[in-house]
């Protein structure tokens, strides 16, 4: 029996009897199973390819006798690889569907993590991290966002909040567990246990739960003529649309702002403010915990209110959080401002920045289908994610340059405050315009596609 476009087939086997169930849309219970499966797979994938290499970095350097300048090369190759692979992988998501791409990415992640165990030099690590970047373009955050977006029109923010919170939860919980394994067994055994868990638990979980919905279908389900137009003709109007670049700046500026707390906050607190590592990491944990909460609450609030206004409020809260880092009078006579070392201000920064940035991420992802449309949603989300990596890399580089040239992070944080202000201005513009539908060019092309179908 052939299923309708609004059905979904899943085969369960029990007592040697195969039962075929057809789920009509909307499928409340089944689609939330997809969300939970996506959140768990997303969290463990991030833990394996992003958090684990950072946790074992020092041990790998000592074991393989790699210099400090070379040991960060694989991590930087991962970031650069994402810039290259994400847009092209987005077209694959639109062409073949999220389920096939995500499962392919998870499978190759298993192979690469197994190879990680046997690495003996930095060049092998470099190749593995480039492979991780390819896998991230297929089964990273953007791919899971597109998958979940295919199931939801109402309640999308809540669903995305669950998926995105997996990233923050991984950042809070995984370093502790991985650090314990690292201390007990060494880095190779830690990678092996991670590979074993990922292969035996995460990949089967993805196979059983990650099914694609009907609101965004792969273009292979259409005729060849429609597929050609979808994959090539609509890319140009998408890249020329104002909404794409406004959202792109929001992605870029948010990632740029996050570069300081993620890359340099602990370093600043330990080296410049004389905090112990244990005390310095508390502020990072507070920020991640607030981000988890705001990704969930921001999605719920956006679902039941005006999402553009939620975006604007989140941007404002993030800016206020950054301003909390400044002291009114600098420590030196020739300074007007300096970065604070007061516990109260640092706590306020951690709370406000975590709440603002977490909610902002959620609402940005949820607004992409609304502002741009769903016809090339995979390409859109992946391309915007590439701009996110540009912001993250540029923010990290600028932070290092400012610290080296001036001896402090004051200039860097002033730049971050300016970027956050521009983020607020763009959010205000989007709220003021509030498009009720995707751009006219994209709508016209979508209408042509509908006529051909």
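Even glycines carry a Cβ here, placed using N, Cα and C.
Among the ranges 261-279, 280-298, the stretch that TrEMBL annotates as transmembrane segment is 280-298. Of the given residue ranges 413-432, 433-452, TrEMBL assigns the label transmembrane segment to 413-432. Of all ranges given (6-24, 101-119), TrEMBL attaches the label transmembrane segment to 101-119.
Counted over residue pairs separated by six or more positions, the transmembrane segment (191-211) shares fewer than 3 Cβ pairs under 8 angstroms with the transmembrane segment (310-329), which leaves the two as not touching. Residues 246-247, 249-250, 253-254, 256-257, 259-260, 306, 308-309, 311-312, 314-316, 318-319, 322-323, 325-326, 337, 339, 367, 371, 395, 398, 402 of the same chain sit 6 or more residues outside the transmembrane segment (413-432) yet have a Cβ under 8 Å from a Cβ within it.
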